[in-house]
2 protein chains.
Amino acid sequence: MNPVNLSLYLVLDPDLCGGLDGMVATTRTAVANGVTVVQLRAPQWKKRQWFDAAVALKAVLAGSGVPLVINDHVDIALAVDAEGVHVGQSDLPVAEVRRLVGPDKIVGLSTSNAAQLAAVPLALIDGGIDYIGVGPVYPTGTKKDASPVIAPADFAAMMLAKRCPAVAIGGIALGKVAPLIRAGADGVAVVSAICGQPDVAAATQALFNEITEARA
Amino acid sequence: MNPVNLSLYLVLDPDLCGGLDGMVATTRTAVANGVTVVQLRAPQWKKRQWFDAAVALKAVLAGSGVPLVINDHVDIALAVDAEGVHVGQSDLPVAEVRRLVGPDKIVGLSTSNAAQLAAVPLALIDGGIDYIGVGPVYPTGTKKDASPVIAPADFAAMMLAKRCPAVAIGGIALGKVAPLIRAGADGVAVVSAICGQPDVAAATQALFNEITEARA
């Protein structure tokens, strides 16, 4: 399993960030203030936009130690030599993703309920998947095809059942982080809690502090 | 340049074919009746659907000598070891595509006017691109974001200017093939002239015959 610090996982939304320049600026500020992973996710974009954005984000993240994870498109990840790929249940099968990117890249998989989590074969945990995304844990407006919200008790059960690191996702905002960390999440993924915030630095620091306090 | 017989190039439309089973059946019949290239193009699909369809099409085409070309998604082409990839002007840059697929795969590029054709560097013709798609040559209903129709005189000029094989595309139907071949196209790409036709075998044969007669 490739180690990844899931603590504060930023999923960039191009619209909320105000396009490519906004994504770059948001990333720079967020990484300087505690974000540990950056994911590019732009399902409405053509591949050339993905490529241009991924190249720009790689440059911003160079030397930071923060990995760039590409949502869905393994070809973009390969083209820019991104550190990771994140796929959902309707994307390429994880075993294919791992075969394409090789052993050293981070591979994440979304799971939306206990059944999807249970369906992940142990063989993938041992060689295919480095972490799972679990959500939505709250109602979300930034993912059009989101699954039903996972109830707190069900989320807690998934955290007990999981056999690899997990990041919670979906509608996570300041003040809603601590219960997830206490239930066993290794980190939280946010979109609108950072993208489009009037003060990205302060928003990121506040989220980071909530994670740290919940772990104490 | 990897050689490719562009004569009768089928671009599969999942809706017109009636889903995956229809695409497989259409492909089997079309290849038996003269189609020389099969492209999978499903911009509305998620990657898992692409993958499943590409696996099925590879199986149908096995041993036929007809290459499977994947539109846009290099990761799908790599995952199923397809014979080629076709990209448009808004997709991954051709040089990146070639780097990802290696020297032995077919790479095609769409060009919609003389300026786009002229913008293709000779270096790409020598090492990146195996053929260009040129169109739309007629009004088309199967591509939502199609460019303006290329006038016949402009198409003829592009056929004189081209430095690699070219397949014409866009609204091509029976009776509209011959002028394109006579203007210098190495083949014609069709969608609705085969996909969804009541008699796919007869439709394919008739197109094949029009190509053959135009070349005589």
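Residue numbers in this text run from 1 along the chain shown.
Any Cβ shown, glycine's included, is placed from N, Cα and C.
Look at TrEMBL and you will find B:8-194 tagged as domain 'Thiamine phosphate synthase/TenI'. Annotated 4-amino-2-methyl-5-(diphosphooxymethyl)pyrimidine binding site per TrEMBL: B:ASN71, B:SER110, B:LYS143, in sequence order. The annotation Mg(2+) binding site is assigned in TrEMBL to B:ASP72, B:ASP91.
Feature map: annotations from TrEMBL on the structure.
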{"residue": "B:ASN71", "record": "4-amino-2-methyl-5-(diphosphooxymethyl)pyrimidine binding site", "CB count, 10 Å": "22"}
{"residue": "B:ASP72", "record": "Mg(2+) binding site", "CB count, 10 Å": "24"}
{"residue": "B:ASP91", "record": "Mg(2+) binding site", "CB count, 10 Å": "23"}
{"residue": "B:SER110", "record": "4-amino-2-methyl-5-(diphosphooxymethyl)pyrimidine binding site", "CB count, 10 Å": "21"}
{"residue": "B:LYS143", "record": "4-amino-2-methyl-5-(diphosphooxymethyl)pyrimidine binding site", "CB count, 10 Å": "19"}
**Message:** Using the Cβ center of B:ASN71, B:SER110, B:LYS143 as the 4-amino-2-methyl-5-(diphosphooxymethyl)pyrimidine site position, which other residues in that chain lie within 8 Å, going by their Cβ?
**Reply:** B:VAL11, B:ARG41, B:ASP72, B:HIS86, B:GLY88, B:GLY133, B:ILE169
**Prompt:** What subset of the binding-site residues B:ASN71, B:ASP72, B:ASP91, B:SER110, B:LYS143 has a Cβ positioned less than 8 Å from a Cβ of chain A?
**Reply:** B:ASP72, B:ASP91
**Item:** Whole-number Å value for how far B:ASP91 (Mg(2+) binding site) lies from B:SER110 (4-amino-2-methyl-5-(diphosphooxymethyl)pyrimidine binding site) (Cα to Cα)
**Value:** 10
**Complete:** Once DSSP output is merged into helix, strand and coil, B:SER110 (4-amino-2-methyl-5-(diphosphooxymethyl)pyrimidine binding site) belongs to strand
**Asked** Under a three-state reduction of DSSP output, how is B:ASN71 (4-amino-2-methyl-5-(diphosphooxymethyl)pyrimidine binding site) classified: helix, strand, or coil?
**Response** strand
**Where the record names B:ASN71, B:SER110, B:LYS143 as binding 4-amino-2-methyl-5-(diphosphooxymethyl)pyrimidine, the maximum Cα to Cα distance in Å** = 13
